[in-house]
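TrEMBL annotations:
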type	residues	note
BINDING	HIS88, ASP121, GLU183	Zn(2+) 1 binding site
ACT_SITE	ASP90	active site
BINDING	ASP121, GLU156, HIS380	Zn(2+) 2 binding site
ACT_SITE	GLU155	active site, proton acceptor
DOMAIN	197-304	domain 'Peptidase M20 dimerisation'
Amino acid sequence: MSSSNDDATTDRQKLRDTEAVEHFRQYLRTPAVHPNPNYDESVKFLIKQADEIGLRHRTYEYFKGKPILVLTWTGLEPQLPSVLFNNHMDLVSVDEKEWLHKPFDADIDEKGDIHARGAQDMKSTSIQYLEAIRRLKQDGVQLRRTVHLSFMPDEEIGGEHGMKAFAPSADFKNLNVGFAVDEAFPNEDDVIKIANGEKTTWQFRVHCPGQPGHGSQLFDNTAGEKVQILLDKFYSYRKAMVEKLKDPLVEESDVVSINLTQIQGGVQVNVIPDELILTFDCRLPINTNINEWEKTLKTWCKDAGDDLWIEYLQKNPLSAVTTLDDNNIYWVAFKKAANEINLKLKVMTLVGVTDIRHVRALGVPAIGFSAIYNTPNREHKDNEFLNVDIFLKGIEIYYNLIPAIANA
Ligand SMILES: [Zn+2]
């Protein structure tokens with residue numbers, strides 16, 4: 001037998017859940033899709049939510065058509081460093097014919113799966129932040145620290161007109177951020193991965209000059225021979241990394257990834273070219289000795305010939321890493337709250353990059369995670385979806401984590 005009080009609570013919860021799902025689906029229907037994202041509808045929708053919830057809002061537009069929206073919930077001690085929950089409004093493109101449901105209708109099927117671009121990356125998180133705060137405020141909760149939610153444009157193309165410009169600005173400094181939270185990726189099992197750093201990208205072309213001549217000749221010092229030696233070096237190294245990955249304790253973020261992505265050179269079928277160019281994409285773990293790595297690359301080139309040279313397209317320093325230990329009060333609070341709601345956490349490095357690297361680069365501690373679990377990762381793929389139960393669980397997760405961090 002349940003009391004009428006319990007019934008009232010259940011009814012209220014049901015109503016909150018129904019509304020949250022409705023807001024999620026409405027937001028999914030305001031797509032800002034690459035290559036030409038239009039952010040107007042998304043911003044309009046978000047400001048409407050902010051007004052309803054009672055959050056202050058401010059829009060910055062450093063570049064035309066690239067709005068940065070910041071929503072603020074002022075804390076009881078606003079002089080304390082604030083907590084930032086970041087997310088992005090833009091979406092990667094879709095190939096509509098590959099989708100079983102229209103990618104911007106946000107259909108919900110009989111299993112409760114909501115289908116749309118952005119269902120995982122990352123409009124679910126955006127709405128989970130908002131709905132968690134809506135509920136906290138409805139429940140009369142007040143927080144010590146100020147909480148900011150930042151909604152960024154152009155994350156998917158590197159944040160040049162978004163976070164990369166915003167993080168070093170005076171406007172960002174005024175937010176007085178002490179700790180930041182962003183996305184990671186959906187977790188296929190029930191362990192939530194916490195990213196405290198990201199791999200570093202190096203992309204470069206290796207120029208392999210050689211003796212040109214008639215295609216019928218067998219002379220020395222041809223570009224092709226050098227390419228062969230070089231590819232042997234790169235690919236035996238790559239093979240060693242693949243072998244390492246077979247150890248279940250080794251993550252993709254622990255090893256160097258290296259791939260040949262382009263080959264250029266040659267003008268005619270019967271002419272040996274005077275140069276062949278190989279382009280590589282390479283991602284380095286956070287503990288890489290960067291000088292040693294550069295030396296290795298040089299040695300491999302030297303082994304293939306005296307005249308090979310490297311043209312760097314991207315040669316980034318190692319990304320900043322957030323130390324997650326007992327000295328980080330936000331992390332301690334986060335971990336405790338996560339423990340109370342039985343979340344399994346695992347700290348790791350992200351293989352890809354997100355906007356938060358620009359914040360970490362300022363020395364602000366930051367983590368990335370996604371409250372999506374037991375869900376196949378369909379980010380950037382067709383038929384992206386999120387189950388309604390997982391979506392709603394995510395709201396509960398933030399409902400517990402936001403006050404914990406903001407009261408740290
Ligand atoms: Zn994302």
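Cβ atoms are placed via backbone N, Cα and C, with glycine included.
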Seminar exercise, completed: The correct three-state DSSP answer for GLU183 (Zn(2+) 1 binding site) is coil
For this session: Given the recorded positions ASP90, ASP121, GLU155, GLU183, state which is nearest to HIS380 (Zn(2+) 2 binding site) when distance is taken between Cα atoms.
Result: ASP121
Seminar exercise, completed: Rounded Cα distance in angstrom between ASP121 (Zn(2+) 1 binding site) and ASP90 (active site) is 9
Problem set entry | In sequence order, those recorded positions of ASP90, ASP121, GLU156, GLU183, HIS380 whose CB lies under 6 Å from ligand 1 | ASP121, GLU183
Exercise. What is the separation, in Å, between the Cα atoms of GLU183 (Zn(2+) 1 binding site) and the residue listed as 'active site, proton acceptor'?
Worked result: 11
For this session: Express the distance between the Cα positions of the residue listed as 'active site, proton acceptor' and HIS88 (Zn(2+) 1 binding site) as a whole number of Å.
Result: 6
For this session: Kindly state the mean pLDDT of the domain 'Peptidase M20 dimerisation' (197-304) in the predicted structure.
Result: 96
Exercise. When you measure from the Cβ of GLU183 (Zn(2+) 1 binding site), how many other Cβ atoms are you left with inside 10 Å?
Worked result: 26
Seminar exercise, completed: Within the same chain, the residues at least 6 apart in sequence whose Cβ is under 8 angstroms from that of HIS88 (Zn(2+) 1 binding site) are MET122, PHE151, MET152, PRO153, ASP154, GLU155, GLU156, GLY162, GLU183, ASP355
For this session: For the recorded Zn(2+) 1 site formed by HIS88, ASP121, GLU183, name the remaining residues of the chain with Cβ within 8 Å of the site's Cβ center, in chain order.
Result: ASN87, MET122, THR125, GLU155, GLU156, ASP182, THR354, GLU379
For this session: Please list residues from the chain of ASP90 (active site) whose Cβ is under 8 angstroms from its Cβ, counting only those at least six apart in sequence.
Result: ALA32, VAL33, HIS34, PRO37, TYR39, MET152, PRO153, ASP154, GLU155, GLU156, ILE157
